Structure formats: C-alpha cells, structure tokens
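A.B. asks: Reproduced below are the annotations present in TrEMBL:
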type: DOMAIN; residues: 9-194; note: domain 'Thymidylate kinase-like'
type: BINDING; residues: GLY10, PRO11, GLU12, GLY13, ALA14, GLY15, LYS16, THR17; note: ATP binding site
Amino acid sequence: MKGIFITAEGPEGAGKTTIIGKIAAYLREAGFPVVLTREPGGIRIAEQIRSIILSPENTEMDARTEALLYAASRRQHLAEKVIPALERGAIVLCDRFIDSSLAYQGYARGIGIEEVYRINQFATNGLLPDLTLYFDVEVETGLGRIAKNQNREVNRLDLEALEFHKKVKEGFQILLRRFPERMYAIDANKDVEYIYETALQKVLDAVRDHFGKNFSG
Ligand SMILES: Nc1ncnc2c1ncn2[C@@H]1O[C@H](COP(=O)(O)OP(=O)(O)OP(=O)(O)O)[C@@H](O)[C@H]1O
Ligand SMILES: Cc1cn([C@H]2C[C@H](O)[C@@H](COP(=O)(O)O)O2)c(=O)[nH]c1=O
C-alpha cells in the first residue's frame, strides 16, 4: 500500500490522543494527507460497536464476546476507512489498534495473546502498523490523569480494578519484546512537550523512510 499506517498504544491516560492530535496538526500543516482516527470507532458502525463494548451497564459481557466485538469493529474500520486511505497514499494515525486487543483481551483478560492474535488475523487479513508509538506511563499516573479530566466519559474498562490495568501494562511490555521492529516506547510520564517532540521525531523518520526523498516535512 502507498500510505503509512501509524498507531498509538498504551494504558489508560497515557496521553495518546493528545500527542497524535498534535502530530496530525503538524503533518497537515506540512502538506501531508493525514487521516486521524481511533479504535474502537472512527466510522459509524464501529462507533456503534464501541458504545456496546464500553457502556458501563454491560457488566455481564463475556471476555471472548468483548474480544470479538473489538475485532469486528476493527474489520469494519479497516475496510471502510483505513485501507482506502492507505491506498490513496495517506498517513493514517490511529488511536489504538490490534496491540490493545492483545494487551487487554489477550493478556489482562487471560484469553491468551496468541488466541486473540489469531482472531485478529481474520479481521485484519494480516495488516500490521508500520510504526506503533507505545506511550509508557505508570498505571497510577495515567488513571490519575483521566480522573482529573472532567470532559471524559467514564467507560466500562476504566472501571476495572487497578490490578487489571497493571496487567494491561505487563501485556504491552510483552508486545514490545515481541514486535521490536515496529514498536517504539516513549516515556509518557514526562511532560507533553517532551513526549510530543520525541514522538514527532520518530514519526518524521518513519515518514521519510516510507516516502523517500520527496518528503517535505
Ligand atoms: N504528559 C502529560 N502530562 C500530564 N497530563 C497529560 C499528559 N498527556 C495528557 N495529559 C492529560 O491526561 C488526560 C488523558 O490524556 P489523553 O486523552 O491524551 O490520553 P489517552 O492515552 O488518549 O487516554 P485513554 O486512551 O485512556 O482515553 C487529558 O486530560 C490530558 O490533557
Ligand atoms: C482498541 C481496543 C481498545 N480497548 C480498550 C482500551 C480502552 O479502555 C477502551 C477505549 O477507550 P479510549 O478512551 O478510546 O482509549 O477500549 C481494548 O480493550 N481492546 C481493544 O482492542
């Protein structure tokens, strides 16, 4: 595909949305075609699936149902938005993708990383990001940030116990070792300016490698 696929991952409150929003603005200003999107969601059907998964009242949801719903929303989002954008040559920045399923459902829920990877192979047809920025925050710091954010709706996964969120972070550490060629960890405990500069440099390097000498950013 002509475009480049970049994802942002991390535990709750790591600052992914803040930083990739700023990177999208920089790249657009530099003249690149950018699609900024998120999972679960980004298009109508996937947003509908998102509200089912994340509704705090759906406490009886089975772990495998949850994993399948994330995979279903991913499939529709890829088919309808991400793949067409990559085919047009865009830079696609996506807030969460398959690694969230592997860390949350595969590891923290205990389904198994390999099992969740397998169902996602069907959903993605093997598509993986070119670059994944992993925002590495201490769990308590991230949860503290979202607790302070009055504009954010509390969702079903936010309400999980601290132990669950710690397992999510452990899951991401396993993924960093498994996918060192595409996953890049950034210390997300630091201030926004430091994190933004570090993430932007990594994105610009990847964009330069991908698009070659015609790069103008
Ligand atoms: N480096 C930072 N230091 C302090 N506060 C931050 C930092 N980055 C983001 N924040 C604040 O923390 C809150 C969560 O940030 P943001 O929504 O970007 O995180 P996120 O990783 O997308 O969260 P989630 O995936 O859990 O929704 C926001 O109120 C944001 O302003
Ligand atoms: C894609 C994906 C997400 N999750 C979880 C992670 C968060 O708790 C929510 C999404 O909320 P956000 O504010 O948009 O980050 O869903 C997951 O468990 N599995 C996934 O595949």
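Glycine is treated like the rest: Cβ placed from N, Cα and C.
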A.B. asks: Can you count the other CB atoms that lie within 10 A of the CB of GLY13 (ATP binding site)?
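C.D. replies: For GLY13 (ATP binding site), the 10 Å Cβ neighbour count is 26.
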A.B. asks: Can you count the other CB atoms that lie within 10 A of the CB of GLY10 (ATP binding site)?
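C.D. replies: Excluding its own Cβ, the number within 10 Å is 27.
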A.B. asks: Ten-angstrom check, please: count other Cβ atoms within 10 Å of the Cβ of THR17 (ATP binding site), all chains counted.
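C.D. replies: If we count other Cβ atoms within 10 Å of THR17 (ATP binding site), we arrive at 16.
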A.B. asks: Other than GLY10, PRO11, GLU12, GLY13, ALA14, GLY15, LYS16, THR17 themselves, what residues in this chain have Cβ atoms within 8 Å of the centroid of the ATP site's Cβ atoms?
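C.D. replies: For the ATP site the neighbour list reads PHE135, VAL137, GLY142, ARG145, ALA188.
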